[in-house]
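Features reported for this protein in TrEMBL:
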- 12-128: domain 'Response regulatory' (DOMAIN)
- 154-234: domain 'PAS' (DOMAIN)
- 320-457: domain 'GGDEF' (DOMAIN)
- D61: 4-aspartylphosphate (MOD_RES)
Amino acid sequence: MNPSPKAEPKGSVLLVDDIPENLRLLTDILTQQGYQVRSVTSGAMALRTAVAKPPDAILLDIKMPDMDGYQVCESLKANETTRDIPVIFISALDDLLDKVEAFQVGGVDYITKPFQVEEVVARLESQLTIQRQKQQLQQEVLIRRETEEILYQSRALLSSILNSSLDGIAAMQAVRDVGGTIGDFRCLVVNPVVAKMLGKTREELIGNLALRRLVQQIDPGLFQKFVDVVETGETLESDLAYSTSEGDRWYHYIAVKLGDGFAVTVRDITSRKQIELALQAANEKLEILANLDGLTQVANRRRWDVCLEQEWRRCAREQQSLSLLLCDVDYFKRYNDAYGHQAGDDCLRQIAGAIAQAAKRPADLVARYGGEEFAVLLPNTTADGAAQIAALIQAAVRDLAIAHCQSDISDRVTLSIGLATLIPHPDGSPETLLMEADGALYRAKQQGRNQTVQAIASAVR
């Protein structure tokens, strides 16, 4: 009796983790599920192994001694041989920014340790299915291109395929005046998909001189682009948006010269565009949130540090004044103790708004520097100019008239402000400006608070 044939593996998986116990566990799990598993304990070994014999998928740890998972993934994506291999990060890091970075370097999924066996298997199978579908789609695209070449060479074959295509397909014949200039195009063949896109029947389109008028409603410059295809022989490939009674639609089209005319294929990519636009909006929102203080909605410390360094270098290069205000809410701890933390948060929000309203030039930056401390960066601003803005800030805070029963200097909330101005030196550090402003703020508090004190070194006017 012949032995039963051995079952084909579901796919090959490369495991990358510097902890042998993790490798053994995942190897046992995936082997039992029918996968062919290889494992390595370092990023360098992973790169060599993946290039030598590319796996179907890679499960990649982040924290490793020689090179971390992010670096490994970037190297994989930069290599022609391995860039299309799906990389699933599997890590104990559960911070949002860690996950965002994983996707930014090219990861397709992220599993948090400790993991569930079912989750690992399900996500791996999902990515392998997507990969197989992608390969199948690439094969279909190749076949479609070959088919289109045949279509362009034989109008008879084109006619037989038109009605079965999921894409819109049409062929146009140039109509020229006595001088040889193309005035319009006559529709020779069109399939139902194109007719539906245009809101017409095939009978209304075929044989008619209608292209100039039709495309004028879609894109005024599109007719001339089609003329250029015929006159130059260059292929035209682009996307266009088209408003219909059902809403905005997006199409991808390819137009190629065909005799004294052109053939065009059109594909509805609305779903893909909607996903791209939603992702773009989400990324923009994430970028905004990453640079804002959650409580006060002014810039956070991360954004402040980046801008301070940038403006320091720019002002040093241009030899322009750079001013900085450090603003501290007087007796804020007492305010919190007397009115409660919720009232304290509301107080900080109001003060942040008042400062932002006073320092509102496009280049000015207001940031929450500490608990009750705000920083204001004033590029291209002399000490006198900074003093004027500080006075506006003091007035704006006074106008808020926030009651403060525990202040030693006023029955309202007040600010102490330290002001510093320098012309940055190319070899200097922005810490110099911060130290000057901090020293001035300290003197403002020592001299009775509720005032602005200018650093002695702020002599640039």
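We count from 1, first residue shown onward.
Including glycine, each Cβ sits where the backbone N, Cα and C put it.
For the domain 'Response regulatory' (12-128), residue counts in helix, strand and coil come to 54 helix, 23 strand, 40 coil, using DSSP. Across the domain 'Response regulatory' (12-128), the prediction's mean pLDDT works out to 91. A C-beta separation below 8 Å, combined with a sequence spacing of at least six in one chain, links the residue listed as '4-aspartylphosphate' to V16, D17, D18, I19, N22, G69, F89, I90, S91.
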